[in-house]
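Colleague: I am attaching a structure below and will ask some questions about it afterwards.
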């Protein structure tokens, strides 16, 4: 963070030779803006503040979650099913490390624990005899709660910034209309109030009396918050916005009505709900896609993998159409500002989204605590029911994160193009096209790095768990305790070491491309990464989620079809465990991390745009 802060200061300060004199504004050359030195200082301080906030928020999120884990276990004794929230906030620069590092940590432990414990030794999940069980439970908090919280909050912060940048050079900023300028922040504020009210429906108005009611109750939370938020946005749009105003649109001012801006936010909000429900359809074991994947386990792991991959690719179709319609409607009404507020609309129910997302890892850990504490089998059945519902809701949360990341990245891309002084991005020019094709490759490179990192760390974990089972007398009999600390150390060391290369790829790509190839090529890279990254992220997350729930479908044996595939330890179940193990790094490391890749590259390019516009394109200048 410190090293990168120094880079920001040096690059932005050198735009005008660390001048303290005011300079012409990029958006309007007739006006004077802050000197280069002031821009460098403010950008550096903001960057460090964002990082520190992210670290603090991730820590608080995990503290809340670990308390909730134990509380869920105790409440499960009473047969209650509560929606328990875990909320982490953070800036997107640190979100990358939270997502990638946390994903490597949790999946190294998870894969190691599953392969040796469940497949080789045939012991239950979260059995205290398994040396990797503590690292597995810790990892759920690190990757799923702190990582998701920082990811979604990063989207929120970036879409707010993109909207505020465009608003400042529109009539809101020109006329010093402070209330209208704060419209993006008012959307966020109303979202918090709406989600607080929505929580009352889960805790006070609807009582959950059976396992079948858990998942529908969580879905109701999303529907209720979306409906209430639509009303809230309408009120804010009517009160805060003038009837007619102008929005900056690549050098010109576009006349916009307040009802058009309401529709921009609304279309993002409802597109998010559609993406969430499509994700649920493809990842919940209550529907045919996951049941088909489970059925394919009859003929072994190979057919399970084929069916799971096909499901993931197919699940991309409707979310992409939803995102495309949101982009078209919001841009038609209010240009890039419309896209930024559409992203805020999708994220406006973020508190509810994070609550149901954290539901999964908290329930999973509650089951682990019950297993390790030697509680009755009935308690474990209750926590498993919560966990199965939580797996689906976690997939819904990932869908929201990916959809919002696409809109946020496009809004940031528009702000970058404006700030860099690019009039048009012409795909037919070689400079842009080479950037486009390289940018489309980056998500694959990034995914390869993160997948291999999980594989390398899992390999060390498997070897350590096997060593302990083979060398510690009485471990399988339960008369001796395993060495949990060594497994925790393996996950910790691997996550810190292995997150550096993918992190460097994301952070350095815009700097290298902008400096040596210029803003046109960089605009191509950003567009290419956005287009391919969204598709891979959706398919990876949904494939992994489907494999996980196919395994749980067989284990639960809740239907006649599921009982023909089980019980635990049967050949179809072993094939399902292999699919689940393959899907772990897809759904919890590579897939979710791609959101941050496309957002962080865009926001970093926006920060350094003045430097790239002034000094960039060194290679093209030489040749």
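Heads up, the Cβ atoms here are built off N, Cα and C, so glycines get one too.
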Colleague: TrEMBL tags one of 41-62, 63-84 as transmembrane segment - which one?
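Modeller: Of 41-62, 63-84, TrEMBL gives transmembrane segment for 41-62.
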Colleague: Tell me which of 261-282, 283-304, 349-370, 371-392 corresponds to the transmembrane segment entry in TrEMBL.
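Modeller: That would be 261-282, the stretch labelled transmembrane segment in TrEMBL.
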Colleague: According to TrEMBL, which of these ranges is transmembrane segment: 142-170, 316-344, 461-489?
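Modeller: In TrEMBL, residues 316-344 carry the label transmembrane segment.
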Colleague: Per TrEMBL, which of 88-110, 111-133, 180-202 is transmembrane segment?
Modeller: 180-202
Colleague: Could you pull out which residues elsewhere in the chain have a CB under 8 Å from any CB of the transmembrane segment (222-241), counting only those six or more residues past its ends?
Modeller: 179-180, 182-183, 186-187, 190-191, 193-195, 197-198, 201, 258-259, 261-262, 265-266, 269-270, 272-273, 276, 345, 348-349, 352-353, 356, 396
Colleague: Looking only at the recorded stretches 180-202, 316-344, 428-446, which one has the largest tally of CB-CB distances under 8 Å to the transmembrane segment (400-422)?
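Modeller: So the stretch in question is 316-344.
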Colleague: Grab the same-chain neighbours of the transmembrane segment (316-344) for me: Cβ-Cβ under 8 Å, and only residues 6 or more beyond its ends, written as numbers and ranges.
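Modeller: Beyond its ends, the transmembrane segment (316-344) has Cβ neighbours at 155-156, 159-160, 162-163, 166-167, 170, 183-184, 187-188, 247-250, 254, 256, 260-261, 263-265, 267-268, 271, 274-275, 278-279, 399, 402-404, 406-408, 410-411, 414-415, 418, 534-535, 538-539, 542.
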Colleague: Using a Cβ-Cβ cut-off of under 8 Å, list the residues of the same chain that are 6+ residues beyond the ends of the transmembrane segment (428-446) and lie near it.
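Modeller: The answer is 502, 505-506, 509, 513, 517-518, 520-533, 536-537, 590, 593-594, 597-598, 601, 620.
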